[in-house]
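Engineer: Handing you a structure now.
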Amino acid sequence: MTPVDASAATTPPSWVADVEADPVATVDAADLLAQGGDPLSTVLAAATPVPAGRGLVVVAPFDPVPLRDLLATHGFENFSRPVGDGRYRVTFLRVGGCRESVASEPAAPAQPPKRKFWMDADGLHLDARGLSAPGPMIEILRFIDGGAHDQPLMVHVPQFPVHLIPELEERGWTWDLLDETPGHVILRLMPGDA
Amino acid sequence: MVAVPLAGAEQRLLHPSVPVAFFGLATLAHLGFWLLLAWLPERAAVIGGPGPGLAAVHMLTVGVLAAAAVGAVLQILPVTTMQTAPPLWAGWALLVLIGGGGTLLVAAFLTISVAGMIAGATALGLGLLLFTGLLGRLLWKGRAAGLPDTLPAILGAAVALAGVVALAVLLAADYRLAWLPDHGAAAAAHLVLAGYGFMGLLVVGFSHILVPMLAVAEPPKPRAGRPALVLAVCAVAAAAAGLLGGSVFLTALGGVAGLVASVLHVDTMVRAHARRMRKRLGPSFVLIRVSWLLLPLSIAAGLGALAGIMPPLVFGVLLLPGWLLTILLGMLQRILPFLASMNTVRRCARPASATALVWDAPLKVLAVLHPAAVALLTLAAALDAPLLTRMAGVVGMAGAIAFLIHALTVGVRALRHRRRVGPKPKPARPGGTAATAA
C-alpha cells in the first residue's frame, strides 16, 4: 500500500523536469484554501484527464501526504520538495497503463477513501485519514471494540487524536507516537496484554 | 464529507495564553458570581437595577459566559474548519476590551456609577463587535468546511450579538439620557437576545460538534438540526421584537416557538449521545444532561412570567445559572484537558493524554454542587427567600472552587508533563519528520 514516492531521493528523477517544463495543470492549494475552495476536488478534477507520460504540479502549504497517497492509487508517481516558507511543490507523473481506467471514469466529486488495512513488517496498519472528525476516532474504536484483533495496531490519522487517547486507555490499550508530519500521524496501539 | 488537513494542526491553535486568559477570567468570575449572591442575597438576587442584581447578572453573562464563549469559539472554530487561528494581538485586544470593560461595568453596577456604566458598556461593546468581526471572518473563510448545523447557528449568534451590543449601549446611556420609552422592556429584549440569541445559538451550533466528540458518537445527520435552528432564530426574533414593541402576543409566540425548538434540539442531542461508544460518560455529562432539562424549563418559566403566574426571577435563574452555566461547565471541564493535551502535542517531546491531566474528584464534587446550587437558587427566586439565596451562593461557591481546582490541576499537570518529557525537538529538515518514539 506504500505509494509510489520518489521523494526519498535527494535529487529529482528525470521525469520531474519534463513535467515541470509542460505540466497539464498547476494547482495552488494554498490559494484555493484561502478562497474557501476544496483543493482535493480541484486536484482530482485536474488529474483525471492527464494522459500517461504527462503530469501536473501542486503547490501546498505543507507536504500533502494524503493527496500523494490518493493520487498514487490513480497511477501517479510523485516527487515532493520544500520550496521555502513552509510550502511544498509536488510534481505528479501519470505512469503508463492508467490513463484509460481513470479517464473513462466521470469526473466525479471526491469520495471518501475507503478504510485501508494492510500488513507490514511491524503489524497491521489501519489508515483512518480522509474522514471528518470524529470519524477517525470512531473507525478505530469500532475496529478495536470488534475484538477481532488483539495484536499491536498501527493507525494513521490526520492529526494527533487527543480525544481517542482517553478512550484507548479506558479500554486498557497503550499507545506510542511513531511518526508525525502535517496531516499524517502514526500511532502504535497495543492491547494491555500484548 | 472529505476532510483534507491542508492547514497544519499547529496553525489552528491559538497561542496558549489566549484561552488560558479567557478561561481563567471565566473561572474567577464564576466564583465571583456565587460570592456576590452569598454576600448580598437580598440585593443581588433581584430583577432590575442598577445595583448588585445587575452586577451579579453581568458577572455571570459577561465574565463567565461571554468570556468562555469567546475563548472557546476562537479556538474551536479554526480547528473544526481547518483554518489558521486568529493572531495573538487580536486575542489580547479582546481580553482587554471584554475583560476590562466587563469588570468596569460590573463595578459600576455595584457602585451605581452612571459614567462607569457607559464607559464599561462602550469598551465591552467594542470588544464584542471586534469579536463579531473575527467571528464573521472565520465563518466566511471556513464555509467550505460544511458543518451545515453549526456555521449557520454561529452566524445567527453573531447577528444576535450585534443586537445585544446595540441594546446594551442604549440601556447604559438611558441612565443619563432617559431616551428609551420602556427601559424594562429593552432590558428584557437584551436578555433574550443575549441568552437565547447569542449564547443559545452558539450552544445549539457547537453542540452538533461537541456532543458527538465528547460522547464519541456518530454526529447527527447533516442538517438534522436545521428545523430546530430555523425555529429558534424565528423565536428569538419574535420574542425580542415583541418585547421591544410591547406586543405580548408576539413575545408569547416567540416563547412557544422557542419551546418547540428547544425540544427538537434536545431530542437530536439525546439521540446522538445515545449512539455513543464512550464507555463512561463521567461527571461532564451529568451537567450536560441537566442542562438539556433546564433549556425547555427556562422557556416555560419565561412564558409563565409573561402570563404573570411565575416570578420573572425564576426565568432568569433557569436561563443563566441554569441552562447556560450548566452546559458551559459540563463542556468546559472536558475542553480544558483536551486543549492542554493538544498544546502538549505542539510543545512537548511526547503528548500528554487528556486523562493524565485530570483529577476526577473536583469534577465529581462540581457535578453535585452546581445542580444543587441552581435548585436552591430557583427555589429562592420562587419563594423570595434570601436565606435560600445565600445557601445557593455558598453551595455554588464551593462548586466554583472545585472547578477552579480542576482548571489549576490541568494547567499544573501539563506544565509538569513538559518538564518531565522536555520540549518538542525541532524537525531534522525543513518540514521533515519529527518522529518521537515513546
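Note that Cβ sites are derived from N, Cα and C of the backbone, with glycine treated the same way.
Quick paste of what TrEMBL says about this protein:
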- B:20-41: transmembrane segment (TRANSMEM)
- B:53-77: transmembrane segment (TRANSMEM)
- B:89-112: transmembrane segment (TRANSMEM)
- B:118-140: transmembrane segment (TRANSMEM)
- B:152-173: transmembrane segment (TRANSMEM)
- B:193-216: transmembrane segment (TRANSMEM)
- B:228-250: transmembrane segment (TRANSMEM)
- B:286-307: transmembrane segment (TRANSMEM)
- B:313-336: transmembrane segment (TRANSMEM)
- B:357-382: transmembrane segment (TRANSMEM)
- B:394-415: transmembrane segment (TRANSMEM)
- B:418-427: compositional bias 'Basic residues' (COMPBIAS)
- B:418-438: region 'Disordered' (REGION)
- B:429-438: compositional bias 'Low complexity' (COMPBIAS)
Engineer: Under the DSSP assignment, what numbers of helix, strand and coil residues are found in the compositional bias 'Basic residues' (B:418-427)?
Structural biologist: 4 helix, 1 strand, 5 coil
Engineer: So, do the transmembrane segment (B:286-307) and the transmembrane segment (B:53-77) meet, by the test of 3 or more Cβ pairs under 8 Å (sequence gap 6 or more)?
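Structural biologist: In this chain the transmembrane segment (B:286-307) does not contact the transmembrane segment (B:53-77) - fewer than 3 Cβ pairs sit under 8 Å.
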Engineer: Report the listed stretch (B:53-77, B:89-112, B:152-173, B:228-250, B:313-336) having the maximum count of Cβ pairs within less than 8 Å of the transmembrane segment (B:357-382).
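Structural biologist: That would be B:313-336.
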Engineer: Where else in the chain does the transmembrane segment (B:228-250) make close Cβ contacts, counting only residues six or more beyond its ends and a cut-off under 8 Å?
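Structural biologist: Same-chain contacts beyond the flanks: 149, 152-153, 156, 160, 163, 182, 185-186, 188-189, 192-193, 196-197, 200-201, 204-205, 256-258, 260-262, 264-265, 268, 306.
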Engineer: Would you confirm whether the transmembrane segment (B:20-41) and the transmembrane segment (B:193-216) meet the contact rule of 3 or more C-beta pairs below 8 angstroms, pairs 6 or more apart in sequence?
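Structural biologist: Contact criterion not met.
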Engineer: What residues in the same chain, six or more past the boundaries of the transmembrane segment (B:152-173), come closer than 8 Å to it by Cβ-Cβ distance?
Structural biologist: 73, 77, 105, 117-118, 120-122, 124-125, 128-129, 131-132, 135-136, 139, 179-180, 183, 186-187, 189-190, 193-194, 197-202, 204-206, 208, 225-226, 229, 232-233, 236, 240
